[in-house]
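**Q** Before we start, here is the structure in question, set down as structure tokens.
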Amino acid sequence: MVPVIALVGRPNVGKSTLFNRLTKSRDAIVAEYAGLTRDRQYGEAKWQGRTYIVIDTGGISGDEEGIDAKMAEQSLQAIEEADAVLFMVDSRAGLTAADQMIGEHLRKRNKRCFLVANKVDSVDPDIARAEFSPLGLGDALPIAAAHGRGISHMLEQALGIFPKDNADENAEGEEGGELAEGEEVVAEGQEPKRIPGPSEKEGIKIAIIGRPNVGKSTLVNRMLGEERVIVYDQAGTTRDSIYIPFERDEEKYTLIDTAGVRRRGKIFEAVEKFSVVKTLQAIQDANVVIFVMDAREGVVEHDLNLLGFVLETGRALVIALNKWDGMEQGEKDYVKTELERRLFFVDYADIHFISAKHGTGVGHLYKSVQAAFKSAITRWPTSRLTQILEDAVREHQPPMVNSRRIKLRYAHLGGANPPLIVIHGNQVDAVPKSYTRYLENTYRRVLKLVGTPIRIEYKGGDNPYEGKKNTLTDRQVNKKRRLMSHHKKAEKKRRDKKR
């Protein structure tokens, strides 16, 4: 399970700055899509090959009222469910009453907590450690989030408490590397062959996610139908999501449910308690995400936040618009227009209009799940990907840079789930985003991929002679001397004739 780290602290101690620094490598992917909100409180981050989730819990000062009090309540819930907490304090401002209140709360919860003293660029780190020692949370880890100082040491301490996972099944491979289990190889003129792997043995893992009260529990119960099995908690802490294995049409699946517990033999609908931690970890652990939205409410900001995280992780995606029944035709037309306008950045995902309560359209979700999973794990040979690249360049050439044409030479697969296509060429740093989008759409169309994002990475061509010196043999040196002597004599004769 991917660890979740919560950033905790009163307002203006630098949580957002640290969040942006930790997640910047992944934020760049989402930032390419206009219309996708940048104001997110959670993101995926990587450090030394390890993946983890960061949650910015927002500022807690202890005197919140109204909507701020509700936000503080959600922050405390995130703290409760996180694997570890980075408690941030401001070295310049010193110890405050709000710091003491938060510190007392963390001590009572017996959380894995690391005290982080930010803004030490103008304060002696030893003084900062002494200043915050009354909190009773150990020595403070000094950092300067704005400049990146102390971040590596902080992460070494925070992530060191978690066991290192085995190789990620979604890890990106190298050209010519061994085929991962469960993936397909497709060669020209051949039918794809399946290689049984762990994903097929336990079934496609499907995460049902969405805002509270959009019908996730109803959809899970409808998908399980009468073939439900005994519900059990995955080994771990009580905050873990529920993993429900089942079969349909001789295909194995595992539903990852974050909405609530059902009782065997009857449908038990409880008020859904939305958990950010459960949702984010379910996305990370899934092969395919079914994103449930309320058709009557349309697209709201929180939907975009969650979709942004799905896009970051590269998971295959199916969108389900629930509560479609009973809507007027004019309302349906408006919702479809809004989906096309606001969700264009995930236009690769199949959209289903369903009624989880009555079962309308639910059965069609499985076909999209299967297609998305297959698209996400298929592997293609270098020759095939290069041919598609050459055809795309022939049809629409990349732009000129400094009077020179960008050259894209060949492509190969760098990883699967999601497919990563590595393109080699010259001046690749100058390839515009619009042209990358053109290549993505071309690969998607030709390879007939659905439900999965495609990532393209460029690599510049290295000069094989750079840094090398041409060393002459003795024979070559003597020959060079004779030629130079001959040229000098010929030049002298030419000058003498002119006289």
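Keep in mind that glycine also has a Cβ here, set from the backbone N, Cα and C atoms.
Taken from Swiss-Prot, the feature domain 'EngA-type G 1' covers 3-166. Under the heading GTP 1 binding site, Swiss-Prot lists 9-16, 56-60, 118-121. Per Swiss-Prot, region 'Disordered' is recorded for 166-199, 459-499. Swiss-Prot lists 168-186 with the feature compositional bias 'Acidic residues'. Residues annotated as compositional bias 'Basic and acidic residues' in Swiss-Prot: 190-199, 459-472. Among the features that Swiss-Prot reports, domain 'EngA-type G 2' is placed at 204-377. According to Swiss-Prot, the GTP 2 binding site annotation covers 210-217, 257-261, 322-325. Annotation source Swiss-Prot lists domain 'KH-like' at 378-462. Swiss-Prot lists 478-499 with the feature compositional bias 'Basic residues'.
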**Q** Sorry to bug you, but what's the C-alpha spacing from ASN213 (GTP 2 binding site) to VAL120 (GTP 1 binding site), rounded to the closest Å?
**A** 44
**Q** I'd like the Cβ neighbour count for GLY9 (GTP 1 binding site), meaning other Cβ atoms within 10 Å of its Cβ, all protein chains included.
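**A** For GLY9 (GTP 1 binding site), the count of other Cβ atoms within 10 Å is 26.
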**Q** May I ask which of the binding-site residues GLY210, ASN213, LYS216, TRP324 is closest to THR57 (GTP 1 binding site) if we compare their C-alpha atoms?
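**A** Going through GLY210, ASN213, LYS216, TRP324 one by one, the closest to THR57 (GTP 1 binding site) is GLY210.
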**Q** Just to be sure I understand the packing, how many Cβ atoms besides its own are within 10 Å of the Cβ of ASN12 (GTP 1 binding site)?
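**A** I get 11 for this one.
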**Q** Just how many other Cβ atoms lie inside 10 Å of the Cβ on GLY210 (GTP 2 binding site)?
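**A** For GLY210 (GTP 2 binding site), the count of other Cβ atoms within 10 Å is 26.
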**Q** If you count Cβ atoms within 10 Å of each one, which of the binding-site residues THR57, ASN213 comes out on top?
**A** THR57
